[in-house]
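*Asks:* OK, TrEMBL features for this one:
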type     : residues               : note
BINDING  : Gly123, Ser354, Asn386 : Na(+) binding site
REGION   : 1-30                   : region 'Disordered'
TRANSMEM : 145-164                : transmembrane segment
TRANSMEM : 190-216                : transmembrane segment
TRANSMEM : 270-289                : transmembrane segment
TRANSMEM : 301-327                : transmembrane segment
TRANSMEM : 379-405                : transmembrane segment
Amino acid sequence: MVTEAQASGVSLGKVSSVESSPEDHALENKGTGTWSLTAWVSEVQAFEARAVRAQAWETQAFEAQSRASHPKVTPVTGAAAAPVLRQRFLPEKVQVPEEEKSELLITRPFWSNKAEYLLAQVGYTMRPASLWSFCYLWLHSGGGIFLIIYIFLLFLIGIPLLFLEMTAGQSMRQGNIGVWKAINPWTGGIGYTSLMVCFINGLFLNVVTAWILFYLSQSFQFPVPWEKCPLLENASGFDPECARTTPSLYFWYRMTLKASDSIESIGPPVLSLTLPLFVSLCLLGAFMLKGLKWTGKVMCVLVSTSGLIMLYLVVRSIMLEGAVFGLHYMTVVKISTIADASIWHGAGNQVLCSLGLGFGSIVSIASHMESSNSCLSDAVIVALANLVSMMLVTPFIFSVLGFWATQLTHHCNA
């Protein structure tokens, strides 16, 4: 019996030498002549205890790594876990910082389809202020020469910068503040500054929306209040102040804005515009709270409706009296102004403002798009759509200017 135990002890010592433990080597190096039954039993028990501890450690390491990489994977038990437990996992690879764990749990929603994404980008660039400034620069910057300079700078500066902002938001999948912090922590203040600029710009645009809603509510009257001058309180005649100007200007300054006579006199708040402004803010908040899918649907309706309205206004304005004079002035080309640096400066500023570059909104909108999306084609489509929208608004405004000039001329001659 002692001989068999000694032989078994020697074989167990050789098997356990794979673990490279000093105690296991000591078990193998012991002489067969000094072995006893009690020593052999104690060595076997120690070996079994070490095996149990090693298996428990491997089980804990596997579970920790499974939770870090696949949070929803169900634990494997029984015979199916045996092949997996044979793999070794180092403790330093299993430990995951808390910040990385929190980042893994953050998910950013995607746009429902690419059409909603493109319409959101196009709708952001179709601001009334940029459309009006384009026509103003066309009028005072050489006519058709300004259009040539604008298109040149659009492809030279506008589309590359637009592509850069789309790529930054789409690849990093963060907003404007997060993108600037990822570039350099010291530049995070640029993101906060652009956020404040967007907030101030949003207040201005909501006021413009309130004006639009006010005009929409007044347009249901027949005749519209800006068609004729209002009568005096005793109905003895028209308001003499309105008689000195046009009914539309009188309605805008006196009945809509209720502008004071000088900038020093502030005057009371205009209550007729308070309700439209409140409705505008409520609609904006409702669209934002509903999430990205609602925002995409709203942009589909608003952008397509705006395009149809602009097309209708162009057709209707061309039929106005005196519109041909405005369109004739629009086609004037002053070649000598191509060397004027101020025109190039104005065209470059118009490219940056019309596309909304630097505000951070393009980055935020693009961060909800998949990384495999082609940003270059999107940048070209958005830039060309913005150019087409301005080209639609320009003949409309020039036709209206020709109509106003004709009406004022008739009024002065009368």
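Heads up, the Cβ atoms here are built off N, Cα and C, so glycines get one too.
Would you situate these features in the structure and describe their surroundings?
*Replies:* Neighbours of Gly123 (Na(+) binding site), defined as other CB atoms within 10 A of its CB across all chains, total 18.
Away from its own ends, the transmembrane segment (270-289) comes close to residues 206-207, 209-211, 213-214, 217, 256-258, 295, 298 of its chain (Cβ-Cβ under 8 Å, at least six residues beyond either end).
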*Asks:* Including all protein chains shown, what's the count of other C-beta atoms within 10 A of the C-beta of Asn386 (Na(+) binding site)?
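*Replies:* For Asn386 (Na(+) binding site), the 10 Å Cβ neighbour count is 26.
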*Asks:* Which stretch, 190-216, 301-327, 379-405, tops the Cβ pairs under 8 Å count with the transmembrane segment (145-164)?
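*Replies:* Most Cβ pairs under 8 Å with the transmembrane segment (145-164) come from 379-405.
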*Asks:* May I ask for the residues of the chain that lie six or more residues beyond the transmembrane segment (301-327) and have a Cβ under 8 Å from a Cβ within it?
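*Replies:* Contacts of the transmembrane segment (301-327) (Cβ under 8 Å, skipping residues fewer than 6 from its ends): 119, 122-123, 126, 389, 392-393, 395-396, 398-407.
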*Asks:* Just counting, how many other CB atoms are there within 10 A of the CB of Ser354 (Na(+) binding site)?
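*Replies:* Total other Cβ atoms inside 10 Å, all chains included: 24.
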*Asks:* Near the Na(+) site, what residues other than Gly123, Ser354, Asn386 in the same chain have a C-beta no further than 8 Å from the centroid of the listed C-beta atoms?
*Replies:* Val122, Tyr124, Thr125, Met126, Arg127, Ser130, Leu355, Gly356, Val382, Ala385, Ser389, Met390
